[in-house]
Amino acid sequence: MAALPRLLWASSLVLLVWAGFCSAVCVEVPSETEAVQGKDMKLLCISCMKREEVTASTVVEWFYRPEGGKDEPIYEYRKTNHEFPSRFSGRIQWNGSKDMQDVSITVVNVTLNDSGIYTCNITREFEFEIHRPLFTSSRLIHLTVVEEAGEDFTSVISEIMMYILLVFLTLWLLIEMVYCYRKVSKAEEAAQENATDYLAIPSENKENCAVPVEE
């Protein structure tokens, strides 16, 4: 796995986990760019929609271009899934989400001949009351297929940095939780002391202001 995509992937996952504490989010994570021969490879293609854009019809087109060749259609989603006759026939699986923000596919049993450029084209027609605008986007994935998975020094450093970042975030969250807990505890103690002082004042006033009864 290339070092830079792995670092981007790790950083995006950290952001995704962090944002998940607040609410569900969509993060446009870049796809991995190195696959191992004989393994399954998910070609990640995510195109996030805003809240006001949820109602839309989506068309997804996947193309493959070999080294020095031309784009050829390999897969399409247009209300239903359709696989075009190609070198990938019978080896492509839809791996998208129901809300059509993740429109990824998986290539099963990757071969060395599957190296090349994959293009993911997304076309959305939004269903507004007044007009129906079209939105298009495209993602390019430069995939390299290797015989065996290898680790270079840079990728090892990237993994170490990822784990250090995760540990740091975990410790920071624990410290924040302890700080908030102590702050709330002190506020409760102060409130209890104020309540006790407030209840004690009337009784003291009664004793100090008592008038002796003359016989």
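Numbering starts at 1 and runs along the chain as displayed.
Just so it is clear, glycine is given a Cβ too, placed from its N, Cα and C backbone atoms.
Here's what TrEMBL has on this protein:
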type: SIGNAL; residues: 1-24; note: signal peptide
type: DOMAIN; residues: 5-131; note: domain 'Ig-like'
type: TRANSMEM; residues: 160-181; note: transmembrane segment
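Residue counts for the domain 'Ig-like' (5-131) under DSSP, helix first, then strand, then coil, are 22 helix, 46 strand, 59 coil. When pLDDT values are averaged over the domain 'Ig-like' (5-131), the model yields 84.
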